[in-house]
Amino acid sequence: MTIAHNYLRTRVRLDNIVANYKHLCSFGGHVLAVIKADAYGHGLVETARALAGAGCDAFAIGSVAEGAALRQSGCAGAIVSLVGPVLPEDDAMVLDFDVTPFIHDFDQLARLAALAAGQGKKARVALKFDTGMARLGFCECDVPHLLETLRGMPAIEVVMASSHLATADDPNAFDFVGEQGSKFARVCQGLRDGGLTLEASLCNSAGILAHATDFGFEARRAGIALYGVNPFAGTAREPLGAGLVPAMETVTRIVSVHDLASGCSISYGRTYTAERDMRVAIVAAGYADAYSRGLSNRGYMCLAGKRVAIVGRVCMQLTAVDITGVDAAPGDVIHLLGGEGLGAITAEDLATWWETIPYEVFCLFGLNPREYC
Ligand SMILES: *Cc1c(COP(=O)(O)O)cnc(C)c1O
């Protein structure tokens with residue numbers, strides 16, 4: 001889905017995503033590219049093609065339908081769905097489009113096994129275990145019953161076991177990562193002792209950067225770091241994420257430039273009053289363009305390499321910035337994300353200003369018309 005009829009353009013550097021992928025591969029193991037949610041806003045098909053060209057053979061997506069769309073685009077690699085089938089039509093798509101779903105409960109497993117057996121097909125699945133997220137997954141105590149159940153399901157082929165870390169990017173919570181890792185190691189051992197041959201997958205981006213060597217599980221799921229975000233930015237472990245390069249920038253256009261005299265207020269609610277004579281630019285971006293209203297009076301844009309502050313409330317399709325001292329005219333390009341020099345705005349900056357995480361910034365900015373280079 002793309003927001004139609006606006007001036008925003010989200011530019012994606014696929015070569016930088018590829019460079020990040022290669023960097024993450026250098027930590028070893030089998031790296032699955034997590035391209036769920038339209039590749040975190042960078043474009044599902046474009047991102048998958050670029051990565052496949054660089055040798056990536058396995059992709060993780062967010063739903064079975066997204067996996068089917070990826071398969072239909074011509075993707076030949078393994079497609080793993082991080083959320084498995086929810087509705088009966090999802091079960092059918094698993095088989096029709098050769099998607100390997102995460103399976104998190106017995107009913108889901110039974111439904112898929114019955115459908116696959118009925119069609120004379122084999123369904124490859126990845127078993128999902130909860131080791132501490134308390135979101136989705138079998139628990140450690142389910143392993144014996146799971147093995148027994150699978151023995152009666154010849155149409156199911158288990159190829160992977162996985163679990164997800166809750167605190168991999170928090171250097172103060174590495175103990176919990178260790179607990180999850182130990183629990184998952186016991187689960188995998190139990191499955192293998194029960195005769196299954198599978199890849200084990202625990203680490204996400206932060207796990208790869210900080211913990212992969214502690215565990216040695218063979219498959220790793222790289223998401224946010226593929227898109228150039230250092231999960232440890234601003235923490236004592238920041239150097240762990242060195243070498244990642246951003247791949248997204250978002251620009252828009254200036255609509256109008258005018259003076260704002262000292263004492264005058266600007267925008268809805270009069271939340272900002274000029275304390276000196278200033279010059280403002282009215283920019284074509286607002287919350288309808290996924291430019292959060294939470295940036296009102298807090299965020300910055302980058303104009304000609306300089307940071308310019310948002311003044312007053314972000315409106316539906318317009319936002320005012322203080323450009324005093326910077327030359328600008330209607331039609332000029334202004335960066336919402338990225339930009340030149342010291343004024344460049346990172347996804348981490350935006351996330352801090354609007355009190356979220358870079359993941360959300362990417363997903364939302366990616367809703368705007370995209371360009372690739
Ligand atoms: C999104 C997701 C990932 C990727 O996480 P990042 O922090 O972006 O690397 C890995 N595993 C699962 C289950 C996910 O949902």
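Note that Cβ sites are derived from N, Cα and C of the backbone, with glycine treated the same way.
It should be emphasised that the depicted structure is a prediction, and the values quoted were computed from it without experimental measurement.
Per TrEMBL, active site, proton acceptor is recorded for Lys36 (among others). Secondary structure at Lys36 (active site, proton acceptor), taken from DSSP and collapsed to helix, strand or coil, is helix. Sequence-distant contacts of Lys36 (active site, proton acceptor), defined by Cβ-Cβ distance under 8 angstroms and a gap of at least six in the same chain, are Ala60, Ile61, Gly62, Ser63, Glu66, Leu82, Gly223.
Annotation comment: TrEMBL describes Tyr268 (among others) as active site, proton acceptor. Non-local neighbourhood of Tyr268 (active site, proton acceptor): Gly312, Arg313, Cys315, each in the same chain, at least six residues away, with C-beta under 8 Å from its C-beta. Secondary structure at Tyr268 (active site, proton acceptor), as computed by DSSP, is helix.
A simple way to gauge crowding: the CB of Met316 (substrate binding site) has 12 other CB atoms within 10 angstroms, across all the protein chains here. Annotated substrate binding site per TrEMBL: Arg135, Met316, in sequence order.
The feature domain 'Alanine racemase C-terminal' is assigned by TrEMBL to 247-373.
Look at TrEMBL and you will find Lys36 tagged as N6-(pyridoxal phosphate)lysine.
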Identify, in sequence order, the residues in the chain of Arg135 (substrate binding site) that are 6 or more apart from it along the sequence and have a CB within less than 8 Å of its CB; answer 'none' if there are none.
His164
Give me the mean pLDDT over the domain 'Alanine racemase C-terminal' (247-373), rounded to a whole number.
97
